[in-house]
Amino acid sequence: MKKKKSPVHKRKHKGAPYEPSTKPFWFIFTALYLFGCVLIFFSAIGLPLDIIEIPNFNFKFNFTTYTPVDLIMSRPLFKTLSAKSAFQLDQELMSSGEFSIDQLMEIAGLAVAQVVHKEFQPPPPPATSKVLVLVGPGNNGGDGLVAARHLKLWGSYDPVIYYPKKSTSNPLYGRLVKQLQDLDVTELSTLDEVKHLLDRRNSGVALIIDSLFGFSFKPPLRPPFDDLIGYLSSNNESLPPIVAVDIPSGWDVDDGPAGVDIGASVLVSLTAPKPAALKFTGSHYLGGRFINPHIAEKYDIGDVIAKYKGDEMVVKL
(Lines of atoms letter the chains of each structure in order from A and count residues from 1; the text may use other names and numbers.)
(Lines give C-alpha, C1' and ligand atoms only; values in the text may rest on other atoms or scores of the structure.)
Protein backbone atom coordinates (compact mmCIF):
# COMPACT_ATOMS: atom_id res chain seq x y z
CA MET A 1 0.00 0.00 0.00
CA LYS A 2 1.29 3.44 -0.95
CA LYS A 3 2.06 5.51 2.10
CA LYS A 4 0.32 8.88 2.23
CA LYS A 5 2.36 11.99 2.84
CA SER A 6 1.80 13.86 6.05
CA PRO A 7 -0.44 16.91 5.49
CA VAL A 8 1.48 18.87 8.13
CA HIS A 9 5.14 18.13 7.56
CA LYS A 10 7.27 17.19 4.59
CA ARG A 11 10.92 16.25 3.98
CA LYS A 12 13.14 17.83 1.39
CA HIS A 13 15.06 14.55 1.12
CA LYS A 14 15.84 11.57 3.21
CA GLY A 15 17.42 12.60 6.48
CA ALA A 16 16.45 16.27 6.13
CA PRO A 17 14.78 17.92 9.14
CA TYR A 18 11.06 18.49 9.11
CA GLU A 19 9.83 21.87 7.84
CA PRO A 20 6.98 23.19 9.98
CA SER A 21 3.85 24.15 8.11
CA THR A 22 3.11 27.88 7.70
CA LYS A 23 -0.55 27.31 8.55
CA PRO A 24 -0.21 28.24 12.27
CA PHE A 25 1.52 31.51 11.30
CA TRP A 26 -1.21 32.46 8.85
CA PHE A 27 -3.87 31.55 11.40
CA ILE A 28 -2.34 33.87 14.03
CA PHE A 29 -1.81 36.66 11.50
CA THR A 30 -5.41 36.42 10.27
CA ALA A 31 -6.78 36.37 13.83
CA LEU A 32 -4.79 39.48 14.80
CA TYR A 33 -5.84 41.24 11.59
CA LEU A 34 -9.52 40.54 12.23
CA PHE A 35 -9.16 41.59 15.88
CA GLY A 36 -7.64 44.90 14.76
CA CYS A 37 -10.44 45.46 12.25
CA VAL A 38 -13.06 44.93 14.97
CA LEU A 39 -11.33 47.44 17.28
CA ILE A 40 -11.08 50.02 14.51
CA PHE A 41 -14.78 49.60 13.70
CA PHE A 42 -15.82 49.97 17.36
CA SER A 43 -13.61 53.03 17.76
CA ALA A 44 -14.96 54.65 14.59
CA ILE A 45 -18.58 54.33 15.73
CA GLY A 46 -17.75 55.75 19.16
CA LEU A 47 -18.05 52.58 21.24
CA PRO A 48 -16.05 53.12 24.45
CA LEU A 49 -13.15 50.72 24.78
CA ASP A 50 -11.41 50.38 28.12
CA ILE A 51 -7.97 49.09 28.96
CA ILE A 52 -7.12 45.78 27.33
CA GLU A 53 -4.64 43.55 29.16
CA ILE A 54 -3.07 40.23 28.23
CA PRO A 55 -1.44 39.20 31.54
CA ASN A 56 0.97 36.51 30.34
CA PHE A 57 2.35 38.66 27.53
CA ASN A 58 2.97 41.89 29.51
CA PHE A 59 0.63 43.73 27.14
CA LYS A 60 -1.53 46.65 28.21
CA PHE A 61 -3.15 49.29 26.01
CA ASN A 62 -5.66 51.96 26.89
CA PHE A 63 -8.10 52.42 24.01
CA THR A 64 -9.87 55.17 25.93
CA THR A 65 -6.76 57.32 25.53
CA TYR A 66 -5.27 55.97 22.30
CA THR A 67 -7.74 54.56 19.78
CA PRO A 68 -6.88 52.43 16.73
CA VAL A 69 -8.15 55.26 14.52
CA ASP A 70 -5.61 57.59 16.15
CA LEU A 71 -2.83 55.16 15.32
CA ILE A 72 -3.82 54.71 11.68
CA MET A 73 -4.38 58.44 11.07
CA SER A 74 -1.09 59.30 12.83
CA ARG A 75 -2.77 61.74 15.18
CA PRO A 76 -0.56 63.14 17.95
CA LEU A 77 -0.89 60.93 21.01
CA PHE A 78 -0.75 62.18 24.59
CA LYS A 79 -1.87 61.07 28.01
CA THR A 80 -5.10 62.58 29.28
CA LEU A 81 -6.83 63.33 32.58
CA SER A 82 -10.45 62.29 33.03
CA ALA A 83 -12.83 64.76 34.65
CA LYS A 84 -12.63 62.79 37.90
CA SER A 85 -8.82 62.70 37.88
CA ALA A 86 -8.59 66.40 36.99
CA PHE A 87 -10.78 67.26 39.99
CA GLN A 88 -8.70 65.07 42.30
CA LEU A 89 -5.47 66.60 41.00
CA ASP A 90 -6.78 70.13 41.57
CA GLN A 91 -7.75 69.23 45.14
CA GLU A 92 -4.30 67.76 45.74
CA LEU A 93 -2.60 70.90 44.41
CA MET A 94 -4.59 73.02 46.85
CA SER A 95 -4.09 70.69 49.84
CA SER A 96 -0.73 68.92 49.99
CA GLY A 97 0.59 71.14 47.17
CA GLU A 98 -0.19 74.31 49.19
CA PHE A 99 -1.38 76.25 46.13
CA SER A 100 -4.21 78.77 46.45
CA ILE A 101 -6.95 78.95 43.84
CA ASP A 102 -5.89 82.44 42.78
CA GLN A 103 -2.30 81.22 42.20
CA LEU A 104 -3.52 78.45 39.90
CA MET A 105 -5.94 80.80 38.16
CA GLU A 106 -3.23 83.40 37.58
CA ILE A 107 -0.89 80.87 35.94
CA ALA A 108 -3.71 79.37 33.85
CA GLY A 109 -5.09 82.73 32.72
CA LEU A 110 -1.62 83.98 31.77
CA ALA A 111 -1.15 80.82 29.67
CA VAL A 112 -4.40 81.54 27.81
CA ALA A 113 -3.27 85.11 27.09
CA GLN A 114 0.11 83.85 25.85
CA VAL A 115 -1.57 81.41 23.45
CA VAL A 116 -3.73 84.24 22.11
CA HIS A 117 -0.58 86.28 21.46
CA LYS A 118 1.13 83.33 19.72
CA GLU A 119 -1.82 82.48 17.49
CA PHE A 120 -3.21 85.98 16.81
CA GLN A 121 -0.52 88.60 16.49
CA PRO A 122 -1.95 92.08 17.21
CA PRO A 123 -1.67 94.92 14.69
CA PRO A 124 1.14 97.49 15.00
CA PRO A 125 0.45 100.17 17.64
CA PRO A 126 -1.50 102.26 18.25
CA ALA A 127 -4.09 99.86 16.77
CA THR A 128 -5.45 97.07 18.98
CA SER A 129 -7.18 93.72 18.50
CA LYS A 130 -10.64 93.51 20.04
CA VAL A 131 -11.18 90.28 21.99
CA LEU A 132 -14.56 89.10 23.31
CA VAL A 133 -14.11 87.06 26.50
CA LEU A 134 -17.08 84.85 27.43
CA VAL A 135 -16.92 84.22 31.18
CA GLY A 136 -18.55 81.31 32.99
CA PRO A 137 -19.54 81.06 36.67
CA GLY A 138 -16.65 78.88 37.87
CA ASN A 139 -12.88 78.57 37.77
CA ASN A 140 -12.83 78.40 33.98
CA GLY A 141 -14.46 81.82 33.93
CA GLY A 142 -11.86 83.08 36.38
CA ASP A 143 -9.13 81.96 33.97
CA GLY A 144 -10.83 84.06 31.29
CA LEU A 145 -10.94 87.14 33.54
CA VAL A 146 -7.23 86.79 34.28
CA ALA A 147 -6.48 86.37 30.56
CA ALA A 148 -8.48 89.53 29.79
CA ARG A 149 -6.43 91.51 32.34
CA HIS A 150 -3.10 90.39 30.88
CA LEU A 151 -4.23 91.13 27.33
CA LYS A 152 -5.32 94.62 28.37
CA LEU A 153 -2.06 95.31 30.23
CA TRP A 154 -0.01 94.34 27.19
CA GLY A 155 -1.58 97.25 25.35
CA SER A 156 -2.11 95.54 22.00
CA TYR A 157 -5.50 94.03 22.80
CA ASP A 158 -8.86 95.52 23.71
CA PRO A 159 -10.78 92.87 25.70
CA VAL A 160 -14.55 93.05 26.17
CA ILE A 161 -16.13 90.66 28.68
CA TYR A 162 -19.55 89.04 28.89
CA TYR A 163 -20.15 87.60 32.37
CA PRO A 164 -23.85 86.64 32.47
CA LYS A 165 -23.88 84.69 35.74
CA LYS A 166 -21.43 86.08 38.27
CA SER A 167 -20.13 83.83 41.02
CA THR A 168 -21.03 84.96 44.53
CA SER A 169 -19.46 82.02 46.37
CA ASN A 170 -15.92 83.40 46.33
CA PRO A 171 -14.86 87.07 46.64
CA LEU A 172 -11.94 86.28 44.31
CA TYR A 173 -14.21 86.69 41.27
CA GLY A 174 -15.36 90.10 42.44
CA ARG A 175 -11.73 91.19 42.78
CA LEU A 176 -10.95 89.97 39.26
CA VAL A 177 -13.86 92.00 37.87
CA LYS A 178 -12.76 95.08 39.86
CA GLN A 179 -9.26 94.78 38.38
CA LEU A 180 -10.78 94.88 34.89
CA GLN A 181 -13.00 97.82 35.78
CA ASP A 182 -9.92 99.75 36.93
CA LEU A 183 -8.44 99.11 33.46
CA ASP A 184 -11.62 100.43 31.78
CA VAL A 185 -12.44 97.04 30.26
CA THR A 186 -15.93 97.07 28.75
CA GLU A 187 -18.49 94.60 30.15
CA LEU A 188 -21.57 93.56 28.16
CA SER A 189 -24.82 92.90 30.01
CA THR A 190 -27.01 90.91 27.61
CA LEU A 191 -26.80 88.32 24.86
CA ASP A 192 -28.29 90.86 22.47
CA GLU A 193 -25.29 93.10 23.13
CA VAL A 194 -23.00 90.17 22.34
CA LYS A 195 -24.83 89.49 19.08
CA HIS A 196 -24.68 93.17 18.16
CA LEU A 197 -20.94 93.29 18.86
CA LEU A 198 -20.32 90.20 16.74
CA ASP A 199 -22.37 91.50 13.84
CA ARG A 200 -19.86 91.99 11.04
CA ARG A 201 -21.26 95.43 10.30
CA ASN A 202 -20.62 96.69 13.83
CA SER A 203 -17.42 95.22 15.19
CA GLY A 204 -13.84 94.48 14.53
CA VAL A 205 -13.73 91.57 16.95
CA ALA A 206 -10.60 89.60 16.09
CA LEU A 207 -11.30 86.56 18.26
CA ILE A 208 -13.42 85.09 21.04
CA ILE A 209 -12.13 83.47 24.24
CA ASP A 210 -14.47 80.74 25.44
CA SER A 211 -13.98 80.45 29.21
CA LEU A 212 -17.52 79.38 30.01
CA PHE A 213 -17.09 75.79 31.22
CA GLY A 214 -14.17 73.56 32.12
CA PHE A 215 -13.68 69.95 33.17
CA SER A 216 -16.49 70.04 35.75
CA PHE A 217 -19.17 70.66 33.10
CA LYS A 218 -21.94 68.07 32.80
CA PRO A 219 -24.59 68.26 30.05
CA PRO A 220 -27.25 69.47 29.51
CA LEU A 221 -26.73 73.20 29.11
CA ARG A 222 -28.82 75.44 31.33
CA PRO A 223 -29.91 79.10 31.10
CA PRO A 224 -28.46 81.55 30.36
CA PHE A 225 -25.68 79.55 28.72
CA ASP A 226 -27.90 77.35 26.56
CA ASP A 227 -28.92 80.33 24.40
CA LEU A 228 -25.36 81.69 24.24
CA ILE A 229 -23.74 78.39 23.23
CA GLY A 230 -26.62 77.64 20.88
CA TYR A 231 -25.97 80.98 19.16
CA LEU A 232 -22.23 80.27 18.88
CA SER A 233 -22.87 76.77 17.57
CA SER A 234 -25.37 77.81 14.92
CA ASN A 235 -23.25 80.75 13.71
CA ASN A 236 -19.73 79.38 14.11
CA GLU A 237 -18.91 79.61 10.40
CA SER A 238 -19.46 83.38 10.36
CA LEU A 239 -17.96 84.20 13.77
CA PRO A 240 -14.35 85.19 14.58
CA PRO A 241 -11.95 82.41 15.64
CA ILE A 242 -12.67 80.93 19.07
CA VAL A 243 -10.01 80.01 21.64
CA ALA A 244 -11.41 77.42 24.08
CA VAL A 245 -10.08 77.28 27.64
CA ASP A 246 -9.44 73.68 28.76
CA ILE A 247 -12.35 72.24 26.75
CA PRO A 248 -14.76 73.72 24.18
CA SER A 249 -17.90 74.73 26.08
CA GLY A 250 -20.77 72.34 25.47
CA TRP A 251 -18.47 69.34 25.05
CA ASP A 252 -18.55 66.41 27.44
CA VAL A 253 -15.11 66.41 29.06
CA ASP A 254 -14.57 62.68 28.59
CA ASP A 255 -16.57 62.01 25.42
CA GLY A 256 -16.32 65.16 23.30
CA PRO A 257 -19.10 66.99 21.40
CA ALA A 258 -22.46 66.58 23.12
CA GLY A 259 -24.98 67.85 20.59
CA VAL A 260 -23.49 71.31 20.12
CA ASP A 261 -20.13 72.44 18.80
CA ILE A 262 -19.06 76.07 18.97
CA GLY A 263 -16.36 75.42 16.37
CA ALA A 264 -13.30 76.45 18.38
CA SER A 265 -10.14 76.67 16.29
CA VAL A 266 -7.68 76.79 19.21
CA LEU A 267 -7.73 74.76 22.44
CA VAL A 268 -5.67 75.54 25.55
CA SER A 269 -5.58 72.42 27.73
CA LEU A 270 -4.79 73.33 31.33
CA THR A 271 -2.69 71.06 33.59
CA ALA A 272 -3.02 68.20 31.08
CA PRO A 273 -5.33 67.42 28.14
CA LYS A 274 -8.72 65.92 28.88
CA PRO A 275 -9.98 62.86 26.91
CA ALA A 276 -12.22 64.99 24.67
CA ALA A 277 -9.11 66.82 23.45
CA LEU A 278 -8.26 63.71 21.42
CA LYS A 279 -11.22 64.64 19.21
CA PHE A 280 -10.15 68.26 18.75
CA THR A 281 -8.75 69.01 15.29
CA GLY A 282 -7.54 72.62 15.62
CA SER A 283 -4.38 74.14 17.13
CA HIS A 284 -3.82 72.57 20.54
CA TYR A 285 -1.70 74.04 23.33
CA LEU A 286 -0.82 72.95 26.84
CA GLY A 287 -0.72 75.55 29.64
CA GLY A 288 -0.91 75.76 33.41
CA ARG A 289 2.65 74.79 34.29
CA PHE A 290 2.30 74.13 38.01
CA ILE A 291 2.66 70.33 38.27
CA ASN A 292 5.58 68.94 40.27
CA PRO A 293 7.23 65.64 39.21
CA HIS A 294 5.64 63.64 42.03
CA ILE A 295 2.09 64.59 41.04
CA ALA A 296 2.92 64.11 37.36
CA GLU A 297 4.08 60.56 38.11
CA LYS A 298 1.08 59.80 40.32
CA TYR A 299 -1.39 60.81 37.58
CA ASP A 300 0.72 59.34 34.76
CA ILE A 301 1.11 62.63 32.89
CA GLY A 302 4.88 62.96 33.11
CA ASP A 303 5.31 62.56 29.35
CA VAL A 304 2.93 65.46 28.71
CA ILE A 305 4.52 67.76 31.29
CA ALA A 306 7.95 66.97 29.83
CA LYS A 307 6.93 68.73 26.61
CA TYR A 308 7.66 72.08 28.30
CA LYS A 309 11.19 73.23 27.53
CA GLY A 310 13.22 75.79 29.46
CA ASP A 311 11.13 78.77 30.56
CA GLU A 312 8.08 77.93 28.41
CA MET A 313 4.71 78.43 30.08
CA VAL A 314 2.76 77.15 27.08
CA VAL A 315 3.67 74.53 24.51
CA LYS A 316 2.00 73.46 21.28
CA LEU A 317 1.03 69.79 21.19
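Placed from the backbone N, Cα and C atoms, the Cβ positions cover glycine too.
Some features that TrEMBL has for this protein:
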BINDING   N139, N140, G141, G142, D143, G214, F215, S216, F217, K218, P219, P220, D246  (6S)-NADPHX binding site
BINDING   N140, D210, S249  K(+) binding site
DOMAIN    86-303  domain 'YjeF N-terminal'
TRANSMEM  25-49  transmembrane segment
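Rounded to a whole value, the Cα-Cα separation of D246 ((6S)-NADPHX binding site) and D210 (K(+) binding site) is 9 Å. G141 ((6S)-NADPHX binding site) sits 9 Å from D210 (K(+) binding site), counting Cα to Cα. Taking Cβ-Cβ distances under 8 Å and a sequence separation of 6 or more, the neighbours of F215 ((6S)-NADPHX binding site) in its chain are L81, A83, A86, F87, D246, I247, V253, K274.
In the three-state DSSP assignment, the secondary structure recorded for D210 (K(+) binding site) is strand. A separation of roughly 10 Å, to the nearest angstrom, links the Cα atoms of N140 (K(+) binding site) and F217 ((6S)-NADPHX binding site). When the binding-site residues N139, D143, F217, P219 are compared by Cα distance to D210 (K(+) binding site), the shortest distance belongs to D143.
Between the C-alpha atoms of S249 (K(+) binding site) and F217 ((6S)-NADPHX binding site), the distance comes to 8 Å.
Note on the domain 'YjeF N-terminal' (86-303): mean pLDDT across this stretch is 94. For the binding-site residues D143, D210, D246, the ranking by surrounding Cβ atoms (within 10 Å, all protein chains) places D143 first. Each of the binding-site residues G141, P219 was scored by other CB atoms within 10 A of its CB, and the lowest score goes to P219.
F217 ((6S)-NADPHX binding site) is surrounded by 21 other CB atoms, counting those within 10 A of its CB over all protein chains shown.
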